[in-house]
Structure formats: structure tokens, C-alpha cells
Amino acid sequence: MSANSTIAAARPQIRGAATFLPPIILLAGAFVAFWLFPYDLGFMTRILIMMVFVLSFDLILGYAGIATLGHAAMYGCGAYAAGLFAIHVSADPLLGLAIGAAAGALIALVSGLLLMRAHGLSLLMLSIAVTMVLQETASKARGITGGADGLTGISMGPVLGIFEFDFIGKTAFWYAFCVLFVILLVLRVVVASPFGLALRGIKDSPSRMRAIGTPLYRRKVAAYVLGGAIAGIAGALTAQITSLVSIEAFNFALSAEVMVMLVLGGAGRLYGALIGTLVFMTVHHIAAGIDPFNWLFVIGFMVLAVVFFLPEGLISLPKRLMRLD
Amino acid sequence: MTVALSIVVDGIAYGMILFMISIGLSVTMGLMRIVNLAHGGFALLGGACAHVLTNSYGIPFIPALLVSVMAVVVLALPLERLVYRHIYRFSELEQVLATIGIVFIMIASVNLFLGSTLLPIRMPPVVSSPVDLGFKVLPLHRIIVILAGLAVVTALYLLVERTRFGIYLRASVDNQATAASLGIDTPKVYLAAFALGAALAAFGGILGAELLPIEAYYPLRYMVLFLIVVAVGGMGSIIGSFVAALSLGILDTAGRYLLPDIGTIFFFLAITAVLALRPNGLLVKSS
């Protein structure tokens, strides 16, 4: 009885206007932003890429309930793989994305086989350790990765052989947007599929899921690999659009920021990830622009305010306002 | 042989600092089940206070140390009563987010008043004078740090094993509900443990300023290190944290001395191996 209602509650976005409205709003928002802020295309492209990255973390943390602080590992591997692929093999962007996804998935698989056996604090620490090992390796392998100077000399061919990357960043903006859009649609299908429901079940009650015969470990590894592939795509996008991969792609601060953005927006909701990223990066950008020294106050108080007053994230704000309790 | 001794002595001094700063984190994580990412912030605030007292006001080191530790305690008490008390009830993720918010505000405050440069703490010149131990000459500072670390671990051990407060604390760590139903004032135990942890973090931060220099981003920079000590030592275990901090100190120092190129990789691979084999920490009883 209660299991039925949970599944029914998990699937409402599949029917009715709710299916089409959010993607249309997203599309309209992109057009409006494109026309309103033609001089901030670079920054807005960064937001779009970060949205892809945070979405990948939402699948792992928000849906499967796997809390890690090393999500930058997959992002960095995707970025380096796509950068090296563009330099040495082919300048085609879409092939590069595929390579980035494969690299992210591969490192997620290798590390996930170990990580998904751990829980709580040791899982957090293990995921950090994996990222640190990768960062140090990239930093020492100067011959291949350029070490601390970063990987330079990436030049991309046109997207689909038609759209050249331009100086203002118009192509980059729409390229990143299309990738985000496709990934969002894919994730909507994934989280509503039996696999996605199993992940939610694992998050809410692992023992019950084990009792009904779900192989927890394999599902978690699968979720980690899928999230890793998407994170790799985000890294590849950064490499292709900025033509640079720096060692900071593996930074601990990046993993921590992704978690903050996700929980800020609302973990376990795809649009929560998007809203959290948009709000965090915009506030960060504006506050740092107004006062480059004290912007951290703004971020700190914003984060505290959300945790104390909107524990389900910014995405729950409209519902809270409607109820006004 | 000399190299081995150097590694051991330097590693132990480093480990003692790690222990003093991390032990409060370990106790609060074991006791209140709270992931307090802001813990390093107390070391930062203590260090920043000691910097101001010794450099701007010319107060000698020892009084400055005591005043700074007291100042951090005075700050930690209302913080626990007003803010952390609510955070205990949060889910793990919300705790991470809330305490990261607190870290940001601590960093921004130090940044606002003192800037983002290094904040050196002036110590009496005798501290840096070399002492001949027969097999090795090392700065007095290292010896002071090692002795202070030993004093702290002994005092903590006696406090937890031999006093009434220790009994209350252990009871609350093992089972908070049962402890409360037996009449132990657990909120007060929490408050005392929290303040003690903050005081030790400040103490360790100030003493260790030569090894882990104080600056505004200190809590974020070394957060991973402190958390690793807790994870390897096992949450809530004093002896576990002590052993973990010393081993990690020696391991890290050995890596730097012997394998300067891949020292960090080696360090984190070792951590990965330990955590993969003993996910609850080196010495923790399996529950």
C-alpha cells in the first residue's frame, strides 16, 4: 500500500503539462538570457556546464543517496581525456564529448568498485583521496598533461562540421545548452525508470531494497558510473570551450562547491540542481564583482539561511510560500 | 639512520599538531554525530587572535596563547547554544552545508579584519634555538610541540577514563538516549565537549603555526587533513586519533623525505588502503 503510493508519488512528472513545461521554460530562459546579456555569454556558458556537472552529482547524491566529496575526479578525467583527444587525435567536439564521457565512466567504475563498499565518513574521505591521487598524478606527468601549467593548445573543429566556435562565444553557449538539454531529458527518463526508482529506494531504505532482491552494490556502482560519464561530459565541455585544462579541475573546492550548489537548490530534484547552480553562481559572480574581498560573507549567510529556513532547497520555496505556514 | 630519526622526530611533531587540532573534531563527530567542517575554523580564530596579540600589542607568547584559547572558548559557547544545537538535528548533508556556511563566515571575518596574507605568531627567540639531543639537533619548538601533545593526550585520557565527566561523556557517546534517561544532562555534556574541542583546536593551531601557517583560508586548506585523521582514527576514539595522527604525520613526512616526487600520491594511496580495509577506523570496536 505505502510502497504503491511512493512509486505513484515518484512518477507524477511523467504526465500532463508538467512533462513539457519545465523544458520549455528552460529553453525560453536560455533565449531571454542570450538576448539580455550578450556580454556575459562566457559566464553563462560556465553556468550551463556547471549545471551539467551538478546534475550528474544529483543522480549520485540526490537520487541514490551516495554522499561523496570527490566528484571532481570524473570531471577532471573527462577534461583531460577530451583535451588530449582534441590535441592528438581529432578536433571533432562531439567525438571529444564521447571520449570525456568514457573517461569519466571508466574512472568512476574503477574507483566506484572500491568506494561503493564504504559508507559515511570513510566514503567521503576515500572519494577525496582518489581525487587527490589523480590530481597529483596529473601534476607530476608534466610530459603528457603539462603539469601545473595546465594542458594548452586545444583547438576545436566546428560542431557537427557546421558551427565554428566564435570569439564572442555564441556557438559555445548554444553548444553547452544543447548538451545540457539532452542530458536533462536523458536523466528525466533515467530517474523515472525502474532503475531510478531502485536508486531512490536504496537511498530511503537499503534494507528493504535488499529484502525485495535488489543488488544494492551493483545498482550503486551503475549509478556512480552513469554520474561519472555525465561529469566527464561536463569536464570535456570545459576543456573544449576554454581550450585549457588546468590542474584545478581536480580541486577539492570544486567537489565541495558542487555539493553546496546541489543541496542549495534541492537534492533529489533535477530542477533543484539547475536552480541551485544558477543561484549560487549568479550570487557568487555579483557579490565578487561588488566586493572582491568580502563576497564570502554573502555566500556563507545564504547557505546558512537556506539550511535553516528551506531545508528542502530553493526549489521548495514556491510550495512554502503557497502554504505560508 | 640519521634520516630515519629525522623523519620520526619531525613526523611525531607534525602528528602531535594534527592530533591536537583533530581530537575535538573526533569527539564531536563521535558524540553529536555531526560532520563539523567548521572545526578548523577554531584553530584559525585562535591563531588569528594570537597573531594580533603578539604582533600588534607585543604581548608575550604564553599569555597570548592563554588569552586566545579563552577567547575561542568564549566564542564557541554561544555558538554551540545558538547555532550548533539546531544543526545536531539536521541530516548529514544539511550539516555539511550548514558548517561550510559557518566556515565561509569565519574565513570572511578574518579576511575582513586581517586580510588574506600569512598571519605569523611571534614566539620568543629561544623557541627557535637548536637543542642537541645527542643523536640529532632540532629546534626547541619541535620538542615543545611533542611535549605539549603528550600532555594533552595524557590529560584527555585521564579526563575521559578517570573523572565523572568522562563517564558522562562515554555514556553519551555510546547511547545518548539511555544516558539521558539515566539523568545525565546530555546537552551540558555536549556543550562542554564542544568547547573543549574548540579550545584544543585553537591551542594546536597556535602551537602548530610554524608547520601549518595561519591564514584566512586555513580551515578549508587543511580540512581534508583533519578529517582524514578522524576517519583513520575512528570517530570518538582518543587513542585511535592519537595513533592515526602520529602515523599520518610520520607517513607524510617520510613521503616528503624519501619520495619527494610522489610523496603525496603515496600518502593518499596509503590512506585509501587503510580506509578500504578498516572503514570504521584503525582501532574502533566493530559495532
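The backbone N, Cα and C atoms fix where each Cβ goes, glycine too.
Taken from TrEMBL, the feature transmembrane segment covers B:6-27 (among others).
The transmembrane segment annotation in TrEMBL covers B:34-53 (among others).
Long-range contacts of the transmembrane segment (B:59-84) within its own chain (CB-CB distance under 8 A, at least 6 residues past either end) are made by residues 32, 34, 36, 42, 45-47, 49-50, 53, 102, 121-124, 127, 190-191, 194-195, 198-199, 201-203, 206-207. Annotation comment: TrEMBL describes B:59-84 (among others) as transmembrane segment.
Using a Cβ-Cβ cut-off under 8 Å and counting only residues 6 or more beyond its ends in the same chain, the transmembrane segment (B:96-119) has close neighbours at 34-38, 40-41, 44-45, 47-48, 51-52, 83, 87, 90, 213-217, 219-220, 223. The feature transmembrane segment is assigned by TrEMBL to B:96-119 (among others).
Taken from TrEMBL, the feature transmembrane segment applies to B:139-160 (among others). Sequence-distant contacts of the transmembrane segment (B:139-160) (same chain, at least 6 residues past either end, Cβ-Cβ under 8 Å): 9-10, 12-13, 15-17, 19-20, 23, 123, 126-131, 166, 169-170, 200, 203, 207-208, 210-211, 238-239, 242.
Annotation comment: TrEMBL describes B:190-212 (among others) as transmembrane segment. Sequence-distant contacts of the transmembrane segment (B:190-212) (same chain, six or more residues past either end, CB-CB distance under 8 Å): 13-14, 17-21, 23-25, 27-28, 31-32, 39-40, 42-47, 49-50, 65, 68-69, 72-73, 75-77, 80-81, 84, 88, 120-121, 141, 144-145, 148, 152, 165, 169, 172, 218, 222.
Annotation source TrEMBL lists transmembrane segment at B:224-251 (among others).
The annotation transmembrane segment is assigned in TrEMBL to B:257-277 (among others). Proximity of distant same-chain residues to the transmembrane segment (B:257-277), defined by a Cβ-Cβ separation under 8 Å and at least 6 residues beyond the stretch ends, is recorded for 3, 6-7, 228, 231-232, 248, 251.
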When you scan the chain for residues with a C-beta under 8 Å from the transmembrane segment (B:6-27), skipping those not six or more beyond its ends, what do you find? 36, 39-40, 42-43, 136, 138, 142, 145-146, 148-150, 152-153, 156, 169, 173, 193-194, 196-201, 203-205, 207-208, 211-212, 222, 225-227, 229-230, 233-238, 240-242, 245-254, 257-258
Distant-in-sequence neighbours of the transmembrane segment (B:34-53), which means Cβ under 8 A and at least six residues beyond its ends: 21-22, 24-25, 28, 59, 61, 63-65, 67-69, 71-72, 75-76, 84, 87-88, 92, 95-96, 99-100, 102-103, 106-107, 110, 113-114, 119-121, 197-199, 201-206, 208-209, 214, 216, 218-220, 222-223, 226-227
